[in-house]
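What TrEMBL says about this one:
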type     : residues  : note
TRANSMEM : B:17-38   : transmembrane segment
DOMAIN   : B:19-517  : domain 'Cytochrome oxidase subunit I profile'
TRANSMEM : B:58-81   : transmembrane segment
TRANSMEM : B:93-118  : transmembrane segment
TRANSMEM : B:138-160 : transmembrane segment
TRANSMEM : B:181-204 : transmembrane segment
TRANSMEM : B:224-246 : transmembrane segment
TRANSMEM : B:258-278 : transmembrane segment
TRANSMEM : B:298-319 : transmembrane segment
TRANSMEM : B:340-360 : transmembrane segment
TRANSMEM : B:380-400 : transmembrane segment
TRANSMEM : B:412-432 : transmembrane segment
TRANSMEM : B:520-543 : transmembrane segment
Amino acid sequence: MSAEPDTEAGDVATPSGDAASENGPPIPDPESVDDEGYVIGSGRSGIVRRIGHDDFDPVGTLVLIAIYMVIVGAMWIFMYFVEFLGGDLTVIG
Amino acid sequence: MATFVDKFPDEAKVVQASFAVAFIALGIGALFGLIQALHRTNVLRVIDSVDYYTLLTAHGVLLALVFTIFFLVGLFTWAVTRSFGRALPDIRLTWAWFGLMTTGTVLATVAIVAGLFPQIPMSADVLYTFYAPLQAHPIFYIGLAMFIIGTWMAGADWFLAYREWRGENPDSRIPLQAFMVLTTMIMWYVSTLGVAVSVVFFLIPWSLGLIETVNPLLTRTLFWYFGHPVVYFWLMPAYLLWYTVLPKLAGGRLFSDPLARVVFVLFVLLSTPVGIHHQYVDPGIAEGFKFIAMTNTMFLLLPSLLTAFTVVASVEHGARQRGGEGYLSWLGALPWRDPAFAGMALAGLMFAAGGFSGMINAGMNINYLVHNTLWVPGHFHMTVGTAVALTMMAGTYWLLPQLTGKAVYSRPIGLLQVIMWFIGMVFMSNAMHRAGLFGVPRRTAEPQYQNFDFVAAVGSVGEIRMQIAFGSLLLFLSVVLFLFNVAATWADDRVDTPVDDTIPEPLSPSSGAPLVLDNLALWTGIAVLLVVLAYTLPLASIVNDAGLLGGSPTFPVTVSLEWVVDVTVGALGNLSLDSLAGVAPADAVADLVREVRR
Amino acid sequence: MEIHRYEKIWLAGALLLIVGFIATVSYGAVGAGIAMVDDEGGQVDPASLDDHPKFGEPGTYQAGENEYDVYVVARQFLFEPGTSEPIRVPAHSTVTFHVTSPDVIHGFEVVGTNANTMAIPGQVATITVEFGEPTEYGLLCHEYCGSAHHAMEGKIEVVPQSEWNESMVVN
Amino acid sequence: MRRISPALFLVLVAFTVPLAVEFRTFAGFFGIELPFIAVIVFEAVLLAVLTAIYVLGRITPDEEEEEGAATP
């Protein structure tokens with residue numbers, strides 16, 4: 001298992017109430033923390049920097065969905081023209 | 001640190017009760033799914049093929065209706081209470097609709113399972129689509145009607161909560177989660193109209209014998225008027241979790257609140273006037289109506305494609321905030337050991353694949369290739385079976401601690417479970433798609449025929465059967481692990497901070513969204529208009545073709561075993577007789593069937 | 001409402017994809033001449049199929065030079081013709097199937113091909129296909145129709161021209 | 001060598017399964033008829049590569065310091 005439990009690594013941690021503020025993670029009590037000190041839902045405890053709205057360009061998303069679009073386009077053309085039109089007994093009337 | 005159960009104890013009880021019913025249904029449904037998969041692949045047949053259809057009906061109803069919709073009402077009760085930040089108007093009304101829904105579910109399930117015992121003169125082997133003229137016991141239809149009326153009351157409960165909240169906050173924007181709940185319920189009211197008319201005006205009186213005949217195409221079209229929006233009804237809870245919870249789990253913030261609202265409004269508008277794409281190869285419906293349904297369906301891809309962008313962007317934001325770099329290597333910086341995150345991410349990934357096979361189904365004439373073949377279950381086991389079900393299971397790991405104040409029993413088992421589900425589904429669904437392409441039918445107990453053999457394009461038919469059986473085994477084990485983890489969590493004792501349940505503000509807040517988006521009445525009006533445009537003419541042409549009550553007498557499925565045996569024997573007997581004596585076999589069999597049924 | 005420019009790119013891409021799908025399907029209908037099953041088959045009284053001129057005597061009918069009509073009754077748990085004796089059509093002919101059902105909704109799938117429709121009581125489904133070389137096709141019901149649904153199957157024999165004789169035609 | 005957490009390793013293992021299974025369907029597109037063992041061999045190769053990355057990432061702890069808490 002990973003050597004360093006990350007709950008106290010939240011260097012951005014500031015004592016936060018339970019309001020929907022988005023700064024540091026709550027300090028979970030000992031017995032709720034499992035073997036590697038990970039509390040479900042505490043993805044933000046690994047935050048190392050804050051990215052605001054204006055300086056975030058989801059370039060990775062663009063790459064992923066471009067790949068998805070290419071795959072869908074190619075598969076559609078293959079399914080329609082090779083698998084379907086290339087098939088037998090196509091209904092024509 | 002106070003979590004949901006501390007602030008809203010009553011509501012937390014209702015949500016827990018809803019989840020309990022959902023998970024019981026999930027357990028039974030998954031067990032039947034395993035028996036079915038092993039049965040149809042001829043790997044292990046423990047039941048009689050006649051009972052396969054009883055299990056299939058139960059599998060469809062319990063998983064696709066009961067598990068998904070009970071999880072939905074639980075999740076929506078949590079979302080409405082949490083986002084309005086106030087208790088529900090009247091907890092008795094909440095328990096009332098929960099009671100009605102549960103009673104309806106029990107009635108329907110009893111009617112279905114009674115089909116396994118021939119001595120009980122009741123059965124509902126009509127599958128979850130209950131196409132007339134196949135007729136189930138009236139209890140089945142009454143149970144379903146009560147279940148749907150219960151969901152209507154739940155919607156009313158949430159709209160009352162909205163009215164009370166609006167009273168105190170006259171000019172603030174509807175909180176995002178509440179907006180999603182309300183728009184989903186609008187879609188639900190518009191779409192359940194079809195099945196309500198079909199069940200209340202036709203099927204219940206018909207099954208009670210009050211009316212003699214039924215127009216099969218009419219009730220079938222009315223079912224599919226409801227049949228497609230119901231798949232979006234299951235999908236919206238998954239979208240609610242993907243939009244408002246997944247970004248937080250990834251350590252990021254929702255990319256755009258306004259876009260989420262636009263997507264949900266598009267679903268209200270477009271999800272109902274498309275039902276005819278389930279009837280592309282039905283006679284009695286003009287090609288023009290099918291083309292309109294296809295165009296609407298294709299534009300219905302838009303909200304899902306927008307969701308793909310927004311959700312992946314939000315997850316990327318989390319990854320980059322956690323130090324992720326590069327075009328794609330940020331994927332490694334995500335909290336993969338959190339089962340809530342990993343489950344939803346894998347569900348989203350599989351939804352992309354399921355989306356593609358849905359595009360094929362939606363293509364009007366390419367549907368000839370795959371209609372009613374195993375390709376279709378391949379498709380929906382990836383969409384409702386994984387995108388919805390796996391997201392619901394993953395969401396449970398994050399929700400249950402808030403509802404009970406207890407930490408999840410074992411995070412590693414949770415992670416193993418979601419991954420096992422993903423792998424099992426890859427095997428089963430890939431094999432189902434390939435089998436569907438060379439013609440293996442769906443909804444069939446023994447897809448092994450005497451007159452012909454299936455020819456597999458890639459790999460052998462036997463190998464595809466093993467792949468389906470192996471995949472279904474992994475899926476069943478995954479559900480067992482899930483139910484064990486949930487039960488163990490329930491049995492645990494409370495801890496102070498079971499979960500990190502805060503939800504950060506979106507990157508671009510709701511104030512950026514045009515105010516018209518919150519005008520629910522406007523969208524309801526437009527949705528009703530689109531439905532009237534899409535459905536008046538087809539329904540009119542069906543009714544004046546074969547009449548409101550058609551001409552199909554009843555075909556009850558309360559079928560005894562002996563009847564089936566002698567019909568099959570009669571048919572086979574004639575096969576051999578035919579080659580010898582050249583007697584016109586068709587009439588002999590027809591007489592046999594007719595006089596047996598009298 | 002301010003939309004991120006990547007969002008706009010993706011929106012344009014998605015619309016392109018959608019229009020592409022609709023265009024492909026339209027090409028299939030107009031260019032490749034694929035026709036959907038529709039309501040041209042008309043209605044029929046499911047209770048009295050026996051005295052219907054064609055469905056009373058289901059089988060292959062000659063409709064013109066190398067054109068045939070095949071009337072098939074799909075009933076609980078057999079195709080008539082198809083199950084006890086195969087549907088016979090000559091090779092290299094254009095055949096229109098007329099399929100209906102006297103009892104419940106059945107499916108009509110020619111296995112491994114694109115010929116695929118539903119048999120709905122009261123409605124007649126008509127699909128026209130061109131048969132090629134002499135061969136055999138499987139036929140099965142792919143819509144649940146009762147407890148022996150999985151036994152509902154049949155066969156279509158494409159008979160070489162040389163062996164085709166008038167005995168196989170009903171009219 | 002880039003360090004991946006055990007959970008990410010498990011997810012990547014899960015991800016090799018569809019790659020292996022769909023690889024055969026993909027080959028089928030071009031008419032290449034791959035036997036079932038090909039899938040198993042391809043899967044074994046993918047797993048070997050993945051385990052190598054995982055193990056290498058583990059045994060070179062020296063890079064541990066400057067990478068910070070990016071991957072818990």
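Backbone N, Cα and C atoms are what each Cβ position is placed from, and that goes for glycine too.
Automatic prediction, not curation, is the source of TrEMBL annotations.
Residues 44-47, 52, 55-56, 58-59, 62-63, 66-68, 70-71, 73-74, 77, 98, 102, 105, 389, 392, 396, 399-400, 403, 428, 468-469, 471-473, 475-476, 479-480, 482-483, 486 of the same chain, all 6+ positions outside the transmembrane segment (B:17-38), place their C-beta atoms under 8 angstroms from a C-beta of that stretch. In this chain, the transmembrane segment (B:380-400) lies apart from the transmembrane segment (B:298-319): fewer than three C-beta pairs between them fall below 8 angstroms, excluding pairs fewer than 6 positions apart. Contact between the transmembrane segment (B:520-543) and the transmembrane segment (B:93-118) is absent: fewer than three CB pairs lie under 8 Å, with pairs separated by 6 or more positions in sequence. Contact between the transmembrane segment (B:138-160) and the transmembrane segment (B:58-81) holds: at least three of their C-beta pairs are under 8 Å, each pair 6 or more apart in sequence. Outside the transmembrane segment (B:298-319) by six or more residues, the chain places 239, 242-243, 246-256, 259-260, 262-264, 266-267, 270-271, 274, 330-331, 333-334, 345, 348, 352, 355, 359, 362, 507 with a CB less than 8 A from a CB of the stretch. The transmembrane segment (B:93-118) and the transmembrane segment (B:58-81) are in contact, since at least 3 Cβ pairs between them lie under 8 Å (pairs 6 or more apart in sequence). When the stretches B:58-81, B:181-204, B:224-246, B:258-278 are ranked by Cβ pairs under 8 Å to the transmembrane segment (B:340-360), first place goes to B:224-246. The stretch in closest packing with the transmembrane segment (B:258-278), judged by the count of Cβ pairs under 8 Å and taken from B:58-81, B:181-204, B:224-246, is B:224-246. Long-range contacts of the transmembrane segment (B:58-81) within the same chain, counting only residues at least 6 positions beyond its ends with a Cβ under 8 Å from a Cβ of the stretch, are 4, 8, 11-12, 14-19, 21-23, 25-26, 28-30, 32-33, 36, 87-88, 94, 97-98, 101, 105, 108-109, 112-113, 127-129, 144, 147, 151, 154, 157-158, 161-162, 177-178, 180-181, 184-185, 230, 233-234, 236-237, 240-241, 244, 384, 388-389, 392, 395, 399, 402-403.
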